[in-house]
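Each remark here refers to the structure printed beneath this line.
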Amino acid sequence: MKNAVMFLGQILILWLIYIGSQYIVSLLHLPIPGSVLGMLLLYFALSKKIISLKLIEKGALFLTKHLTFLFLPFVIGLMSYGDLIKASGIQLLVMIMASTLIGMIATGAASQFLSKREREVVKEHEHSDAV
């Protein structure tokens, strides 16, 4: 019983972060989804040790493990638009693939840029230490 309460508490913490971030986005009219802000806030809280990983670990693992069930309503909703998918399926597929490719290219370019920049900073630091 104690484990179940702890487990539900961990999911409650994650849910509160989500709800809080949704509220912040709507209050400040931010141009990002509340779920993205929630992930950023959670990352910040974990990296600064404001929230211990043990506080949310089991709940997060459960949600990740059962992620397909969380997408089930989306898939069922998508099925109700069968006529649209039949009519525009190829166009939708091309758009999805193009946006995925653009996202991958942008992520790779940003990663390479930041990696190069970090190497330059390290090289400058090593050079200034040697002088």
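Heads up, the Cβ atoms here are built off N, Cα and C, so glycines get one too.
Listed by sequence, the residues of this chain that lie at least six past the ends of the transmembrane segment (7-24) yet keep a Cβ under 8 A from its Cβ atoms are 30, 34-35, 37-38, 41-42, 45, 51, 55-60, 62-63. The feature transmembrane segment is assigned by TrEMBL to 7-24 (among others).
Residues or ranges marked as transmembrane segment by TrEMBL: 30-46 (among others). Within the same chain, residues 14, 17-18, 20-24, 53, 56 sit at least 6 positions outside the transmembrane segment (30-46) and bring their C-beta atoms closer than 8 Å to a C-beta of that stretch.
Marked as transmembrane segment by TrEMBL: 67-84 (among others).
What TrEMBL lists as transmembrane segment is 90-110 (among others).
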